[in-house]
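According to Swiss-Prot, the features are:
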| type | residues | note |
| --- | --- | --- |
| BINDING | G44, L45, S46, G47, A48, G49, K50, S51 | ATP binding site |
| ACT_SITE | S118 | active site, phosphoserine intermediate |
Amino acid sequence: MSANFLIQTVSNTPENILWHQSTVTRARREQLNGHKSYVLWFTGLSGAGKSRLAHTVEERLHRLGCRTFVLDGDNVRHGLCSDLDFSEVGRKENIRRIGEVAKLMMEVGLIVMTAFISPFRADREAVRNRMPYGDFLEIYCQVSLEACEARDVKGLYKKARAGQIKNYTGIDSAYEAPLKPELVVNTECLTLEESVSAVLRMLHERGMVVQ
C-alpha cells in the first residue's frame, strides 16, 4: 500500500484536514479593490425577478468601479450543480454549494450576487451563519404567485399545475419567505429601476458602496 493512498484515505476525516491560512487576507484584497466585499442573496419565487434585478445591480456596481459576480440559479445547474435534482435534498445541497462558493468569492474581495429561489428558510440561514456578521444581505423579491404565473415565460408553472413537473416551488412545494430580510423589494409594484435604486440605497446607507 503506497504512502499516497494512505494520505488520501485518512484525509477524508475532519480531524486530519488542516486549514491553510493565506498571507494575503481578505482585508488586503478589499483594499486593492477599493471596496468592501459581501454577498447579496436575492430570494423569491420563480418569476419574481431575482436574476434580472441581480444582473442589473451588478451592472450598476460595475459602473461604480466595483468588482462583482452573479451566481445565477439556472447557470450553476449547467456545471457545479448539474448532478443535483430538484428534490428537497437536492435543493438543500444546491444552496449549500452556492453558499460555499459565494463565501469563497467574497474572500477574494468580490461583491457577490446570488439569484436563487432558495425556498427553505433554514438553508438560507445556514448560509448566513457561515458568513461573518453583516456580510450576508438577504433581499426578498416579493411578488404574488399570480403575478409569477402571469410572467411565466418558460411555461413551468403551467406544467406544474398539470402535474408534469413535481416539487415545483409555489405549487406543490412550499416557499418559506424570509422573516427578517435586510431588504424587501416588491417587484410587482416597483419598476426595475426603482428596485435597483432600493438595493443601492440600502448599500449606501450601510456604507457598503458610494453612489
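Glycine too: its Cβ is placed from the backbone N, Cα and C atoms.
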* **Rounded Cα separation (Å) that holds between G47 (ATP binding site) and the residue listed as 'active site, phosphoserine intermediate'** => 13
* Between G49 (ATP binding site) and S118 (active site, phosphoserine intermediate), what C-alpha distance do you get in Å? -> 14
* To do: Do me a favour and check the Cα-Cα span between S51 (ATP binding site) and S118 (active site, phosphoserine intermediate); whole Å is fine.
  => 13
* Asked: Measuring Cα to Cα, how many angstrom lie between L45 (ATP binding site) and S118 (active site, phosphoserine intermediate)?
  -> 9
* Structure fact -> Same-chain residues at least 6 positions away from K50 (ATP binding site) with a Cβ under 8 Å from its Cβ, in sequence order, are F42, T43, G44, G73, A115, F116, I117, C141
* Inter-residue C-alpha distance, S46 (ATP binding site) and the residue listed as 'active site, phosphoserine intermediate' (nearest angstrom) -> 10
* **Rounded Cα separation (Å) that holds between the residue listed as 'active site, phosphoserine intermediate' and A48 (ATP binding site)** => 12
* Structure fact -> Not counting G44, L45, S46, G47, A48, G49, K50, S51, residues with a CB within 8 A of the CB centroid of the ATP site are A115, I117, C141, V143, C148, T187
* Asked: What is the total of other Cβ atoms whose distance to the Cβ of S46 (ATP binding site) is within 10 Å?
  -> 23
* Asked: Between the recorded positions S51, S118, whose Cβ has more other Cβ atoms within 10 Å than any of the rest?
  -> S118
